[in-house]
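Novice: This is the structure I have questions about; it appears just below.
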Ligand SMILES: Nc1nc2c(ncn2[C@@H]2O[C@H](COP(=O)(O)OP(=O)(O)OP(=O)(O)O)[C@@H](O)[C@H]2O)c(=O)[nH]1
Ligand SMILES: [Mg+2]
């Protein structure tokens, strides 16, 4: 099992280049994050393009996230210079419209000069970028869909209110180094089905839910008061409740995994946030340690190869 998600197809590679080229003519970046995973849905490529540009961080799909956690995340994100954060759901038009107010606040000089504010909407796949554009435009100008990689090309729209908006294809990055982030991106629907393993993702998810939202699991899957001790037992219990059986009465864990992930994605499990601000530091430290270990191993291997070569030469 590979525990890093790698999904960076050709169209994302192209989109990344095109975004990078267009950036100099952008006044405000609108980065759309998934309110359920504000840390893992932050694309490191976008912070590398950003430079000093102001950014509106939009935590979309707040209807699916834990409201208390969303508040913590907003405060956390706004600690960064030049960043304004807002939580929205595209079901609420007035919330979506607040994005343009924030753009105006972040680029006051453009309006003073009587010029349009040029904005570009960016973010991971399937986070709701095109839906936001359609809501702001008041009509269906961009194609949307409940799967990643729907938008394939940049598209520019003049909102006729002093704001120009460009839609861009959702992009991930070549390698998601933090395995936890990879699982969360997959669990929330940013990764194509064929690039993930439902069982791996479900086991990761259930382990977190057991700790953070045990009551939801108990209520939804009608589990006995006592939570099963291991993740396998828990997934088996979910499968049993849902009749995911194979011949001989064995539980079909793959099917149970699909059910759990789908119910998490569409909100049937309730409002759930998959990460908290205080988890970040530890995870980043672990990623750094892992990278350091890998580097050491590579150096050791190289040294061994060199020694072997010298021995053979003698
Ligand atoms: N629950 C919920 N779903 C949303 C919200 N906003 C968008 N969606 C859904 O999310 C899915 C993806 O929306 P899109 O607008 O196509 O996402 P995108 O970011 O443009 O995706 P790509 O073009 O593939 O990168 C659609 O099924 C939308 O209906 C929201 O606030 N809440
Ligand atoms: Mg789109």
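We count from 1, first residue shown onward.
Keep in mind that glycine also has a Cβ here, set from the backbone N, Cα and C atoms.
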Novice: Among 10, 170, 182, find me the residue TrEMBL lists at the same GTP site as 60, 61, 62, 63, 126, 127, 128, 129, 130, 131.
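Specialist: According to TrEMBL, the candidate sharing the GTP site with 60, 61, 62, 63, 126, 127, 128, 129, 130, 131 is 170.
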Novice: Coiled coil per TrEMBL: which of the ranges 258-285, 286-313 is that?
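Specialist: Coiled coil, as annotated by TrEMBL, spans 286-313.
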Novice: If I restrict to non-local contacts, at least six residues apart, and a C-beta distance under 8 angstroms, what lies near residue 62 (GTP binding site) in its own chain?
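Specialist: The list for residue 62 (GTP binding site) reads 35, 70, 87, 88, 89, given in order along the sequence.
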Novice: Mind checking which residues reach the coiled coil (286-313)? Cβ under 8 Å, same chain, six or more beyond either end.
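Specialist: Long-range Cβ neighbours of the coiled coil (286-313): 177-178.
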Novice: Given the binding-site residues 62, 126, 128, 130, return the subset with CB under 6 A from an atom of ligand 2, ordered by sequence, or none if empty.
Specialist: 130
Novice: Check the domain 'CP-type G' (16-174) for me and report the mean pLDDT.
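Specialist: Within the domain 'CP-type G' (16-174), the model's average pLDDT equals 96.
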